[in-house]
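Noted in TrEMBL for the protein shown:
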TRANSMEM  20-43  transmembrane segment
DOMAIN    23-278  domain 'K+ potassium transporter integral membrane'
TRANSMEM  63-83  transmembrane segment
TRANSMEM  147-164  transmembrane segment
TRANSMEM  184-206  transmembrane segment
TRANSMEM  218-237  transmembrane segment
TRANSMEM  280-308  transmembrane segment
TRANSMEM  329-351  transmembrane segment
TRANSMEM  363-385  transmembrane segment
TRANSMEM  392-413  transmembrane segment
TRANSMEM  419-436  transmembrane segment
TRANSMEM  456-476  transmembrane segment
DOMAIN    470-746  domain 'K+ potassium transporter C-terminal'
TRANSMEM  496-516  transmembrane segment
Amino acid sequence: MDPELASFQHVPHRQNPRVYLLLAYQSFGVVYGDLSTSPLYVFKSTFVRKLQYHESEEAVLGAFAFIFWTLTLVAAIKYVLIVLSAEDNGEGGPFALYSLLCRHMNVSLLPARQAMDKELSAYKLTLRNNDNRQSLKLKRLFENCKGARVALLALVLLGASMIIGDGVLTPAISVLSSVQGLQVAFVGLHSYVITILACVILITLFSVQHHGTHRVAFLFAPVILLWLLCIAAVGVYNTVVWNSHVVQALSPVYLYKFFRITGKDGLVSLGGVVLCITDFIYWPVFVVGTLASIIGSQAVISATFSIIKQCHALSCFPRIKVVHTSNQLLGRIYIPEINWILMILCIAVTIGFRDTTAIGNAYGFAVITVMLVTTCLMTLVILIVWQKNPSLAVCFFAFFGILEGLYFSATIMKVAEGGWVPLVLAFLCMFIMYVWHYGTAKKYEFDLENKVSMKWILTLGPSLGIVRVPGIGLIYTELVSGVPAMFSHFVTNLPAIHQILVFVCIKSVHVPYVSLNERYMIGRIGPKEYHMYRCIVRYGYKDTRREEDDFENHLMINICEFIQRESEQICTPSAEETQDGQLTVIRSIESSAFKMVLFNNSDDIEQEDYVRTQMQISDNGAISFGSIQDFASDIDISPRRGGNFQDSTRQFDTSPRRKSKAKFELQKIGIIHPDLRDEMSALIEAKESGVAYFLGHSCVRARKGSSFLKKLAIDFGYSFLRRNCRGPAVALGIPHICLLEVGMIYYV
């Protein structure tokens, strides 16, 4: 299933119906552009080599029959009726099917998995508990055999790699095939002119991607609509005027007649049929066709951005810059590095082949491989997720497996004639994905095996053996429990550390989106006087972390809420016991009113003063506050250091990168416990003093005695990718002025 098609489905249920109409309109410019431009190259890719000598009427009608029944069986029945029904909360593609399987059986290879992840609302939407005997056997097979889990992930990565290969081949064949139509109007036009013009169009296409899918789709949709009307009109005209017998090709009998006439050559031609529509070029529709071919490439470019984002979220791709291009619609992303790499590869393919037949051979191989991967994953979904009768899954796999296997055997014969291109691209992509995933997993295992014991931390005392200075220190780690080994490096190498320490873990889960009120899990590490907390931030594989997200304020709000709940001994079902304390999911943001505990400046009266604020989250994720009562005074919060304390108001620092405004009203409600008062006061005073970020500057090396392949993967492959991808501080949006790194070597 095209990931971009599925991303158009993800719309909040409470959206205005006009939003759905707008998305349907935009889908013409992105989703249907790819399918509708296939007439430009499929017929030429079908009747090649010896099949050129079989261009009789029955042979042509037989090819039409294969095209019609391929569209009917594969596109309409398999994908529209079956695969789209296996959507993952509105998302599709290989990783969406893989996530469904991971949620129903323990096959995930993601690190930092927790039992509380199953409590996510998006996670629970698809769970079923009435497992049949066959699905239980299959679950045990995958859960007890690591090789089966690795093979399943490799299958998904193969499908993702072929989709990325489509992102290279589709723009090249679409643009080149349309521009070659100029040779019909201008006889004798040199092929080099066609190639140069195609390259110019490709450069223009990739240069506008930074404007965002929604803007490009809105601009391109009218052209695709006009193109669809043109090819429909041409088809009706040709049928009525030139050959009305073409409707006979709807009969499956012509499938047999096609092979009877063409023999073995007909099997080879199926590599072109899989591209799925017929060809013409008429000058009156040439201009529209050229524009439509350019637009048709947009679908696969957008799908490539989406699939690489999913690979990155599931620890299968190096860190990249993901730009969120829309504040209103989820899933609209642009990846600059991938965009320019695709452009370079597209131009290289166009210049290298200069022939749509060879590119079509490569394109057909990539397309049919993705179909076979989808068939295999869908068979597992039918058995394990839908829990249907095994005979139904066997019938699905047998029918579509044989049909697509027939096409695959045809495309495999054309490997030497261009089909090697997707193989090379897929090999490179899978190598990058596997090496990154393998290195990341080994690095996590090292952290897990070398955690700092709580006994050692307790022997240091509340001061941790060094000076505790005012401020908040955010220590980033991949562990969801325990203290990472790099913390001992901080303590032994730094002369001082902050008064408040928060161990932050940002992780991905097997759901497309995690709502804000389920994102944060807060816990405590050690006794209260140590002032150490844990914050786990969960993201779905389609969520995008944006630089303008006000992480520091979100963190403050959730820690304050955790402290209050802990003091009030509120028991919540969304909690998990770990070796160093209890983790709690903070859902305060789902309420429009937020409560923060403060105290006044009087030493002789102990009282509970609540700051009641109304919190609003704008489209870009920034937080603004407004009091429930309008008579509270405005406070301009300094981007550096606040702290002017008055009888009725109090300000605290926010992110050093922007300003916020807050209105507070203090109300005397009741008696507050001194310990709670002191802890809340220490937290807010630390926020006023500033926030620092701690990262481990790690160097990963293979252990002595490791195999040659492991040394090759870790010392060369993984190290090369780490040096040439975005740094962790940049990927996490950490301001450089607030960053402190400590070097550490990982021997994995």
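Every residue, even glycine, has its Cβ placed from backbone N, Cα and C.
Computed from a predicted structure; not experimentally measured.
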**Message:** Which range wins on Cβ pairs under 8 Å with the transmembrane segment (147-164): 329-351, 363-385, 456-476?
**Reply:** 363-385
**Item:** For the transmembrane segment (184-206): best-contacting stretch of 218-237, 329-351, 419-436, 496-516, by Cβ pairs under 8 Å
**Value:** 329-351
**Request:** Could you give the residue numbers and ranges of same-chain residues that sit at least 6 residues beyond the transmembrane segment (329-351) on either side and whose C-beta is under 8 angstroms from one of its C-beta atoms?
**Result:** 7, 10-11, 23, 167-169, 171-172, 175-176, 195, 198-199, 202-203, 206, 209-210, 212-214, 301, 304-306, 308-309, 320-323, 359, 362, 421, 425, 513, 542, 544
**Message:** Mean pLDDT across the domain 'K+ potassium transporter C-terminal' (470-746), rounded to an integer, is what?
**Reply:** 68
